[in-house]
Amino acid sequence: MGARGKTLVPLLVVVATAAMALQSTYLQVDPEKPELQEPDLLSGPCGHRTIPSRIVGGDDAELGRWPWQGSLRVWGNHLCGATLLNRRWVLTAAHCFQKDNDPFDWTVQFGELTSRPSLWNLQAYSNRYQIEDIFLSPKYSEQYPNDIALLKLSSPVTYNNFIQPICLLNSTYKFENRTDCWVTGWGAIGEDESLPSPNTLQEVQVAIINNSMCNHMYKKPDFRTNIWGDMVCAGTPEGGKDACFGDSGGPLACDQDTVWYQVGVVSWGIGCGRPNRPGVYTNISHHYNWIQSTMIRNGLLRPDPVPLLLFLTLAWASSLLRPA
């Protein structure tokens, strides 16, 4: 073998190895497994947590129990909750941006149990991500319906035991009338009671209330409003378990066969934990197509570079083997 051939063999080995490594970064989606999202929505497994097992009437959460929970921060201060959908996309409530919709002002903190990590917590800084772009639902007009927003991050999130994405479904009928779903957040623990230091993430178990019942509850005396089709209610008729101020944008999540799905986004309520005033959430399934199309239009999908890389390498190699 000539000098060209001697150079070519190790080069091809290096290129093939690099191509295999690159291909491994593109997670393959198995349609037979329910815990894997469609490839054009999420790039791999979702809804799994490492810890088995505001919020009014809640308890302190454990680190890693809700690994998709994010703290949406404006100028470094917690304002709303958020959830991680994949390495570049985050879901929250549109009304969080009523006063400031400049992406430069916003970051999302993942992997922390407190909304106020220590200044010396270098790990927290490494898990804080700048917002690149904000996408509000085109139907949102500073009113409660369509209260949903997608955030594109400026850099990809690094997954670990405490940072993982949650799953979405285009239909949440299977969660209707469930009594064992959860709301999480760093909001107030009562209408007149802020979350005390050390500002630990709170969790509370709530029941899904069908819209017909929720409308009936909200039409009782002293306040009347309508529960729209893109809303879902959760709580208890007697009150005491609810999201509160500062929980907006966070997840209402339910599990199915140990896989966790986000059913709703914390949107609004009358007070916090009042009887016959359950929390109202944006129904994820109602906006599933918008979430999907927004991600696709704005750069979620990337062409697989492996075939192109191998083709160009082989073409170049064949040119080297031609007689001089």
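Backbone N, Cα and C define each Cβ position, glycine as well.
The shown structure was predicted, so the numbers you read here are calculated from the model rather than taken from an experiment.
What Swiss-Prot says about this protein:
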{"type": "SIGNAL", "residues": "1-21", "note": "signal peptide"}
{"type": "DISULFID", "residues": "CYS46-CYS167", "note": "disulfide bond"}
{"type": "DOMAIN", "residues": "55-296", "note": "domain 'Peptidase S1'"}
{"type": "DISULFID", "residues": "CYS80-CYS96", "note": "disulfide bond"}
{"type": "ACT_SITE", "residues": "HIS95", "note": "active site, charge relay system"}
{"type": "ACT_SITE", "residues": "ASP147", "note": "active site, charge relay system"}
{"type": "CARBOHYD", "residues": "ASN170", "note": "N-linked glycosylation site"}
{"type": "CARBOHYD", "residues": "ASN177", "note": "N-linked glycosylation site"}
{"type": "DISULFID", "residues": "CYS181-CYS254", "note": "disulfide bond"}
{"type": "CARBOHYD", "residues": "ASN210", "note": "N-linked glycosylation site"}
{"type": "DISULFID", "residues": "CYS214-CYS233", "note": "disulfide bond"}
{"type": "DISULFID", "residues": "CYS244-CYS272", "note": "disulfide bond"}
{"type": "ACT_SITE", "residues": "SER248", "note": "active site, charge relay system"}
{"type": "CARBOHYD", "residues": "ASN283", "note": "N-linked glycosylation site"}
{"type": "LIPID", "residues": "ASN298", "note": "GPI-anchor amidated asparagine"}
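Mapped onto three states, the DSSP output places CYS214 (disulfide bond) in helix.
Candidates HIS95, CYS96, CYS167, CYS181, ASN210, ASN283 (recorded positions) were compared with ASP147 (active site, charge relay system); those inside 10 Å Cα-Cα are HIS95, CYS96, ASN283. Separation of the C-alpha atoms of ASN170 (N-linked glycosylation site) and ASN283 (N-linked glycosylation site): 10 Å, rounded to the nearest whole number. Cα distances from CYS46 (disulfide bond) to the recorded positions HIS95, CYS96, CYS214, CYS244, ASN283 are smallest for ASN283. If you take the Cα of CYS233 (disulfide bond) and the Cα of CYS244 (disulfide bond), they are about 14 angstrom apart, rounded to a whole number. Counting neighbouring Cβ atoms within 10 Å of each of the recorded positions (ASN210, SER248), the lowest count belongs to ASN210.
Taking HIS95, CYS254, ASN298 as the recorded positions under consideration, the smallest Cα distance to CYS214 (disulfide bond) is found for CYS254. If you count neighbouring Cβ atoms within 10 Å for each of the recorded positions ASN170, ASN283, ASN298, the highest count belongs to ASN283. In this model, the domain 'Peptidase S1' (55-296) carries an average pLDDT of 87. When the CA atoms are compared, the recorded positions lying within 10 A of CYS80 (disulfide bond) are SER248, out of the candidates ASN210, SER248, CYS272, ASN283, ASN298. For the recorded site, HIS95 (active site, charge relay system), the DSSP three-state label reads helix. Checked against CYS254 (disulfide bond), the recorded positions CYS96, ASN210, SER248, CYS272, ASN298 differ in C-alpha distance, with ASN210 being the nearest. In the structure as shown, the Cβ atom of CYS254 (disulfide bond) sits within 10 Å of 22 other Cβ atoms. Across the structure, CYS167 (disulfide bond) and ASN283 (N-linked glycosylation site) are spaced 14 Å apart at their Cα atoms.
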